[in-house]
Amino acid sequence: MHPLLNTITDPVKLRALDRKLLPQLADELRQFLVESVAKTGGHLSSNLGTVELTIALHYVFNTPYDRLVWDVGHQTYVHKILTGRREGMSKLRMRGGIAGFPRRDESEYDAFGTAHSSTSISAALGMAVASQWEGKKRSVVAVIGDGAMSAGMAFEALNNAGAMDTNLLVILNDNDMSISRPVGALNNYLARLMSGQFYATARRAGEKMLGVVPHVLELAKRAEEHVKGMVTPSTLFEEFGFNYIGPIDGHDLDVLVSTLNNIRNLRGPQFLHVVTRKGAGYKAAEDDPILYHGVTRFNPDAGIIPKASVKPSYTQVFGDWLCDMAALDQRLVGITPAMREGSGMVRFSHEYADRYFDVGIAEQHAVTFAAGLACDGLKPVVAIYSTFLQRAYDQLIHDVAIQNLPVVFAIDRAGLVGADGPTHAGSFDLTYLRCIPNITVMAPSDENECRQMLYTAFQMNTPAAVRYPRGSGSGVAQQKEMQMLPLGRGEIRREGAEIALLAFGSMLQPCLEAAEELNATVANMRFVKPLDDDLVASLAANHELLVTVEENTVMGGAGSAVLESLSARGRTVPVLQLGLPDTFLDQGDPSQMLSECGLDREGIVHAIRARFPK
């Protein structure tokens with residue numbers, strides 16, 4: 001089915017191909033991509049959009065000696081297929097299989113591990129400087145999407161790279177602009193001209209000659225910008241010190257290969273603007289690239305058929321609460337850093353468009369923007385993944401907590417996230433949040449508790465965070481009426497003897513199951529900060545062993561808070577802390593991962609009996 005692709009086991013074989021065969025290879029790769037991802041799930045539309053670009057990069061550059069750094073990295077499936085990992089696609093994002101993102105420990109072709117956005121230019125610049133320092137004639141390429149370019153870190157790197165005049169190629173993979181007007185014969189011709197050696201040599205010679213007459217040099221540069229500006233979108237990147245080339249058609253292999261061949265011989269920082277289409281070559285993904293961005297298994301002939309979930313996800317619980325709360329309070333505004341669908345804000349964005357703010361991939365800005373809104377009387381709710389809130393930690397402390405501003409953080413994907421692996425796991429939020437003064441930290445055990453905690457957080461006039469896991473809850477009915485929970489108060493969910501399980505958030509259900517076998521007391525702690533110190537003291541006074549259970553690293557997490565509470569009151573009861581280990585956990589099925597961490601019923605029982613063998 002894929003006769004040409006079957007012959008490509010590495011980029012050396014690719015570079016030996018006749019250039020005329022590359023379009024056929026692209027067609028076969030697309031067919032294989034759709035067939036493969038339909039069986040495993042994964043990111044589809046972004047990978048379909050970068051087929052030709054990936055082929056051209058490996059065809060022109062001498063990888064892995066030449067470095068390719070992919071921003072975010074979810075668009076690297078073709079890169080993995082062409083670099084000897086095609087067979088591994090059958091276990092994509094599964095335990096023991098290849099990762100959905102570049103990993104240095106997976107292949108020498110993965111020059112830099114990525115998964116969060118906007119890091120590629122900084123990393124590539126570091127590699128370029130290191131190569132220059134070592135006297136190596138190595139090309140270094142960073143491929144970054146238009147969404148990732150909205151983050152400040154990308155512009156910080158551009159600013160640094162332009163000033164250093166290092167040999168570096170930045171490729172903007174722009175899949176958000178129309179391909180019809182800016183990309184055409186004239187534009188492609190200009191791109192080849194500007195990337196050619198004659199143009200580059202003439203440009204540098206002219207700069208040297210005119211450098212003795214600064215005013216004339218400035219006039220010449222303005223004339224050049226004027227000519228470029230007639231057919232290119234901006235001279236912004238020229239102002240950063242880059243030689244801007246493009247935009248060009250990212251699905252025209254002849255143009256891509258010719259342009260890249262020219263660029264690899266140029267000196268100094270180069271910026272190539274490539275326009276692509278998400279989902280290219282698979283009509284269903286082209287028609288709805290958002291639906292096909294991240295997919296579960298599906299029939300490629302029929303396409304994705306949405307199924308109604310029996311149990312609402314925590315993300316859906318948040319989205320419904322947000323709309324309900326917005327109807328009750330005109331001050332509520334919702335903020336997301338480019339995660340509208342993932343954070344459950346689609347309905348809110350339609351029903352309350354004037355109160356909805358998608359700030360782009362800019363977590364730091366999102367948090368400080370929320371702080372500014374709160375300063376002047378609005379009630380901002382920031383919907384953000386746990387792993388991405390890490391990127392705005394200083395803003396969380398400096399701009400929100402120190403000023404004690406009423407910002408609500410709805411923290412999705414807390415705990416393990418399965419197939420996306422360690423880069424997306426929310427393993428640390430309880431640890432990094434509970435040490436910040438002024439903030440309240442809550443962890444719901446079910447859907448209704450999540451709804452009530454969000455309401456509680458919104459009613460407070462101080463910073464508050466509600467962290468909840470990915471996926472569905474236990475199916476508990478949600479109360480339409482919302483009510484404040486007693487601040488810093490947990491509850492006893494099961495009375496037992498000798499052993500007390502202190503469950504935080506998602507760990508309540510496995511604790512209740514384990515308690516049946518152990519005849520243990522179970523407390524639903526609800527609040528990590530302020531901790532229910534009285535409940536902890538009472539449990540310590542009436543039990544021989546306390547067991548804290550959390551879907552967060554045990555290092556500095558909720559269990560540590562319990563130990564601190566006991567120490568402050570002079571209690572010496574034994575405490576067993578169960579949680580995520582001090583390591584980065586590989587991708588896999590979430591239930592399997594929890595089992596391996598000892599956070600299911602069997603694991604909890606086993607750990608307690610090993611510690612308390614009565």
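Heads up, the Cβ atoms here are built off N, Cα and C, so glycines get one too.
Thiamine diphosphate is bound by His74, Ala115, His116, Ser117, Gly147, Ala148, Asn175, Tyr282 in Swiss-Prot, and the record lists one more residue there from Glu351, Glu363, Glu447, which is Glu363.
The candidate set comprises the binding-site residues Asp146, Glu363. Of these, Glu363 has the most other Cβ atoms within 10 Å. Of all the Cβ atoms in the protein chains shown, 22 others lie within 10 Å of the Cβ of His74 (thiamine diphosphate binding site). A separation of roughly 14 Å, to the nearest angstrom, links the Cα atoms of His116 (thiamine diphosphate binding site) and Asp146 (Mg(2+) binding site).
Counting only the Cα atoms, the space from Asp146 (Mg(2+) binding site) to His74 (thiamine diphosphate binding site) is about 14 angstrom.
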